[in-house]
């Protein structure tokens, strides 16, 4: 028989101290999570202020009552928050419209924060549907929301009379809006109150529909707390669940994912579900444990599926925007899952893009003839630039312009032998600050062409850089170009393709232009041949390469409102003086890349393709760098080793691929703003083949 001795005074004191410490930690952690609401609603108010009156005035402006002092966010953050909010809103609207106007529909916002979705939808639908909204969050936060609502006559008028409350469950109660304080980690309490909440005034509405929303709220809870919330919610009548949550399709070492995880960890509000459910496949499995049906799309899938073309065009008019790569990568790290017991699926296809791509690329073999390594001799900070122009020249590499915090006009010289990066002295005729321009090596000089200042302002000036490291301005282009492609044709000729403003004609004589530095003139080059059947379009950020006899073009954006990205591979040859034969030779989703770079290897038999961003898939360690056999058109993967992914993960946006000789190339510069999480930049990487 064992006996348990009583705790002495010191042990009791230590126990009390530990309990108090645990209590304080829980309060602190909860406050940090609630703090994410404050940052989020400032961004949402920025979107509301800019977008709502132009796009959807019928929704009203309700964030203004919760954000006394607004701040304007960057275009990329604004667009990111807009698609995040609009995706949830559109999904709720489509579920509402799939049901009879007489059916009672409860919209339960779990971890609602100060989100005014209820007020937007009440404003939008007026009395067309029998809608009721239940906002649930931490008791302290809900009290703050209640106080803010009391100060807004517009909200009080919208939600109707606040009579005497039918139950102490409610911090606030009207016929169509209730505010409830509940820490969702208190599962027993949530399970107890939920049936009462959704059955309130339910006698006339026995077949009520219940739509649960968790917009990055369960993400802050460990799965052992978050999943029971989903399970409990699935047990009420006609349940729909909509969750917006982060994923990591390329794992936690992906550059964007690393930045995202660090951001939330740094705020002391780590996201807790993403490492358990990092893929679309695992998120679907998670919800199919509790619901008969589940469907999923990432936010870019929602941008394509839920937002019609006219709306996409209208958005382009609101603020200047040229951050497609950053927007797409952000969208590929967030998903919306819709789960339900009802036969009311919204998306066109239950299988995800991720699943389709998984099947397509699972059989791709490795190309052991190409290897990537990290070259750590350089001061990476000096090369933290997006969309500079870079070229090799006389055993050095030269870098012009690009985007730091702002666009710059600096010239850098990289010595590959010593690893030293030198900033060159400013000279006369210096090209002004710019990005998205090109630098082409003609042997005895470099030619800099075009680029842009702010989005939509394309440059048409052209410069020559000589062995004395001096710039000379040449004749201007007929029209400005940005995100264009260039290749050397001879020691005095540069072929220029695409990069025309959207208002320019998308086909025709001006698409290809030959720059002659001897005559200081430009000659339009007309596409001929197969171009009648498969006309090449004006592409921005396409890849063009040339081996002296023939060349290839792939990728690039056709329509910058969507964008539509080209998946075709074109082969071209110059014919005579003013014609170019352009033939479509292949079409594949792995070629659908914005801002990819490439080299022609093995005497014209192989393409080495590096980076870029695809709207269809997030490129991974296995698909970022691939080779394409140009005889049988099969891809092989160039695997990025873990030692690079874990230490200096690359992000293939706004970078350059510079060939040093027929055996090696360098990946230099490039980076991206990762939504509101901060920026990440490339190191220097060497490719050997």
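Each Cβ is built from the backbone N, Cα and C atoms, and glycine gets one as well.
From a predicted model like this one, the values you see are computed outputs, not experimental measurements.
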Please state which member of 84, 94, 200 Swiss-Prot lists alongside 111, 137, 183, 184, 215 for binding S-adenosyl-L-methionine.
84
Looking only at Cβ atoms, how many others are within 10 Å of the one on residue 84 (S-adenosyl-L-methionine binding site)?
24
State which of the following binding-site residues has the fewest other Cβ atoms within 10 Å around its Cβ: 137, 183, 215.
183
Cβ packing number for residue 111 (S-adenosyl-L-methionine binding site), 10 Å threshold:
26
For S-adenosyl-L-methionine: widest Cα to Cα gap among 84, 111, 137, 183, 184, 215 in Å:
24
